Every structure is written in C-alpha cells, then in structure tokens.
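K.L.:
As annotated in TrEMBL:
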type	residues	note
TRANSMEM	6-23	transmembrane segment
TRANSMEM	67-85	transmembrane segment
TRANSMEM	128-158	transmembrane segment
TRANSMEM	179-200	transmembrane segment
TRANSMEM	251-272	transmembrane segment
TRANSMEM	284-301	transmembrane segment
TRANSMEM	381-400	transmembrane segment
TRANSMEM	420-444	transmembrane segment
TRANSMEM	496-515	transmembrane segment
TRANSMEM	536-556	transmembrane segment
Amino acid sequence: MLTQLIVSLGLLLTVILLSVIVGREMKKIYANEKSITDLINPLDRLIYRFCKIDPTVQMNWKTYLKVLLSVQFIWFLWGFVILLLQGKLFLNPAGIDSMEWTLALNSTISFLTSTNLQHYSGETGASYFAQVGVFMLLQFLSAATSLCAGVAIVRGLAAQSIQGLGNFYSDFVKSSTRILLPLSIITATFFLFNGVPMTFDEPEKITSVEGREVVVSTGPAAAFLPIKELGSNGGGFFGTNCAHPFENPNFFTYIIHTIIVWLLPMSFIIFVGRYLNNKKFSRMLLGVMLMGFVVTCIPLICGEMSGNPKFSAMGIDSSPANMEGKEVRFGTYYSSFYSAVNMIIPAGTITGMHDSYMPLSSIGMFIGMQVDAFFGGLGTGWINMFIYLIIATFIGSLMVGRTPELFGRKISIKEVQVAVLVNLCALAIPLLFSAIAVHVYLYVPEAVEWLSNTGPHGFTTIVYEYVSSMAGNGSGFEGLADNTPFWNLTTSVTMLAGRFIPMIGAFLIIGYLSAKKAVAPSLGTLRVDSGIFGTLLFMVIMILTVMSMFIVFALGPVQEHLLMI
C-alpha cells in the first residue's frame, strides 16, 4: 500500500510540474506573446486564408457565444449524417450497419459535448470511418471549443478585456494547432511504441488456446486515444475502454493515460493565474481542487481496499480487496485511483467496472461528477468553478460586510441569480430525469428489462447515468440496457443541458461584469486569492452539491451498504 501511495504521489507531482510548463505556454499563446509554438504560424495563416477569417476582429460576449454555438451545430449535422450512413460508407471492413437514429443522435451529441457517453460498443457499433471521421474529429473539436469558452471567460475577468473577449476563430485554431495536435502526436508515439494498434485492417479471426475461433478487433486506436484523454473526452475505441489491453497494454501506458488526462485541466488553472497576473489565485484554486480530489479519493479507494463484507461474513479472506470487475494487470488500488482521477476530470475512462465497485465507493464517484469543478473538464471545469466563485464571493463579502467584487468588478444580484440558476439546473435536471426513469421502470412492462440489478443498486445505476451525462463524464455504472429510445433521447437532452447551460450562464455573467468599470482593490475588498477564501469556496461547493445529493446517497449507496453488512 505504501508503494502504491508513493507512485500516486509521484504521478501527481509529475502532472503539477508539467502543468506549470504547459500553463506558461498557454498564457503566451492566448495573450499573443512570443512562444515556441510560433513555429506553427504558417499553418495558422494558411487556415485563416483558406477560411477567409480575420483573426484580429474582437468579439463581444454575444458574438463569441453565437459563433461558438453555430460551429457546434454544423459539426453536429456532419456527425449525425455520417452515423446514419456509416453502413454504406467506406472504411468499414467489418461490415458494421448504420446506427438507429436515436443512437446516432445520442452518440453525436455525446462526442460533441465531450461527454462520450457510449450506448454502443466500438468494436461492433462503429466503422473505422465513424471512429475517425466522427468520434475522433468531434473529440478534437469539442476540446478546442471548451478551451475557447474557458479562455473567453478568463479574458472577461481581465481589466483590459472590456473591448471584447477575443476572436473565437483565432482561439479555436490556436487551441487545435498549438496545444491539442502537438500533444496528441507526442502521446500517440508513446502509445504506438507500447503496442497500441494503428491499422485499418479488418478484424482478425484467431484460434484460442481452448480451440475456439474468436474475432479480434483492432483499428487506428493509437491515433484515437491521445485526444480522448487530453481533451477530457473519455470515449473508448473499444467497448471496455482503458481496461482493454489494446488501449492500455501495460503499466507504462497506464501512467501515460493518468498524466495526460490530468495535464490540460490543471495547466488551465496555471494559465488562469498567469493571464490574470495573480499566481496566488491559481495556487488557491489548485489547493481547493486538490482538496476536492482527496475527498473523492477517500471513499472510493477505501471502499475498494476494504473488500467485500459478504466475503468476511462467509469466512473468506477479503484482504486482497475487492477485485471483482477490476483489470488484474492494475489491481484494485490503481483501478480505484484511476477511477477517482476520471471522476474529477470528466473523461470518465475506466480500468474497472463501476457496477462491481462497493456501494460506498460510488459516493466518491458522485461527488467528483456532481461538483465538476475539482479540475473538471478542459476549460469547462474552470467555467463551473467560475460559477462557484461568483456565489462564494457574494456570500463571503456579505458575511464580513464588504462589497462583493471579483477582480475589480462589482457583483450584483443579477450575476448571483444566473450563477444560482446554473447550479440549480446541474442538480435538478439529473434528478428530474431519474424520477421519470424510475416511474417508467415501475409502470411500463417493457422497461423491466432495463436493470440487471434491482433495489438500491438499480436506483444508483439510474441516477448515475444522468449525473454522468449532466457532468460531461460519460462513464456508466453499467448493468443498464441503455441503448433504447428512452435512454438515448433523455440522456441526449441531459448532455446538451450539462454542456451549454453552464457555458451560456458564464458568458452572460461575463457580459454583465464586462459592462462595469473596473475599480482598484481597496481595504473593503474581499481577497479571493487567500487561503481563507479558498476554505470558504470549498465549503460552499460541498454544501451546494454534496449536501444536495444526500437523499440520493441515502436511497442508493448507503442503503445498499447497510444491506450488505
């Protein structure tokens, strides 16, 4: 256990070190300062010229948001049509059929929103063209869009940003060519040399040691995986995601997966502090987020390492911990640690089956997903933290009798109302759809086949699907027959809400703040870069999210745990 803790700490320190380097470069890129990535300038200029874009035009928050949403809609149409026609298109050596329309809709929205909820299995549900031309492409586009949105919010907080939030097209191109693409190429090289396949050949038929003929699917996985992690996407090329030996062949690739899924969300926080010329602010945010990671880790890892109480009751040694549903190459601890990382980073990639985790372990999963700001997704995690910042600043200022201000701009009731509404939607929408799903399950005969486990575990499975969709996580508790019109359509609505409600709310708040004249901080200003404020921020987050989910915990994980002991 000590060795495992040391390895985990080493991984964390490595990510922090790399994020400082990447965060510095991100500041130079988005502030138009000299950077090593200026070598890519000719490519950027070629793209601007070909697309007839003037990257120097400043956009206000309304224009920036409108262009962002318009681009998303265009790529939605592309993905939806391709999935509906994939059975008739090229790069389909396995002869995979086209997707049913609700599944195509769900899959397109899933990858467009960086959720990567998969109601299909990659080996049998998507052709190579769909994997590369839709899913991998949308992972790049959604990650670049998330970066643009996050950067625009940071610019809105900077004193010089009143004239505009920048240029979406310029930010989009820079995010793609200078950050996502170079890092993806480097990472793909590591994967390729460690046995991850990169081929467009048809699946191979082999004879196993048992004498049975089995079909082994391969594909261009080495190109697919880097952006899956770097962009906080998480969609697996294969059905079992990172538990599959072709996605995660050895412990070295496990380390690479863990580092790169954490790298850019943490780098973005470094970027925030440097862009706002307030490194203490980014250190405060990092402290809050790391504290949140610990809160997520404790129930998850402890729940798995303590083993199954049912085994102990039968006199069976449970000291090897709960190995059910775990990839034996990584064991219980590393599977649980990887799960915790992918709960605070809404990539949702897995090396173990969440359906087989202990009941109390799922509490850690719910906390990480519901908060969605303990690092959170690339760019979007900062947006969610910005919403919490508005609420915490308003509460903290009123508690000490000071004027609510954030980086020189006064916070009025309008900004707080928007922030509270966004937070309320994040809580209410998953619970509302969960209630509808439970009702349908109880009263519609066909729905009885949905769940492989009933009772508290089944309830947890239903709520998890919607919380994961709302948080942009995309992981599933499994044990759920989710490829049905009901689940495809309701989770599609949830994913769209989880992606765009916080984004639109944050832009609206920035629009209000940017219209106000920035004032210099005074003795009456609440410092938002102090450790005391960080503690307040953490408590506000926990109260607004964890306490609001208490009833879910009581009806699901806690009740199931009590039934097991």
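Every residue gets a Cβ built from N, Cα and C, even glycine.
Fair warning: this is a prediction, and the values are worked out from it, not measured in the lab.
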K.L.:
Any residues 6+ beyond the ends of the transmembrane segment (179-200) with a Cβ under 8 Å from its own?
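P.N.:
Sequence-distant neighbours of the transmembrane segment (179-200): 22, 26, 29, 37, 40, 91, 93, 128, 140, 143-144, 147, 218-223, 225-227, 229-231, 246-247, 249-250, 252-253, 256, 260, 263-264.
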K.L.:
By a Cβ-Cβ criterion of under 8 Å, what residues six or more beyond either terminus of the transmembrane segment (6-23) are in contact with it?
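P.N.:
Counting only partners 6 or more residues beyond its ends, the transmembrane segment (6-23) has Cβ contacts under 8 Å with 179, 255, 258-259, 262-264, 266-271, 273-274, 282, 286, 337.
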K.L.:
Any chance the transmembrane segment (496-515) and the transmembrane segment (251-272) have 3 or more Cβ pairs under 8 A, given the pairs are 6 or more apart in sequence?
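P.N.:
Output no: the transmembrane segment (496-515) is apart from the transmembrane segment (251-272).
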K.L.:
Given the cut-off of 8 Å on Cβ pairs that are 6 or more apart in sequence, determine whether the transmembrane segment (536-556) and the transmembrane segment (251-272) share at least 3 such pairs.
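P.N.:
With fewer than 3 qualifying Cβ pairs, these stretches do not touch.
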K.L.:
Counting only CB pairs under 8 A, let me know which of 67-85, 128-158, 284-301, 420-444 has the most with the transmembrane segment (251-272).
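P.N.:
The stretch with the most close Cβ contacts to the transmembrane segment (251-272) is 284-301.
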K.L.:
Out of 128-158, 284-301, 420-444, which stretch touches the transmembrane segment (67-85) the most, going by CB pairs under 8 Å?
P.N.:
128-158
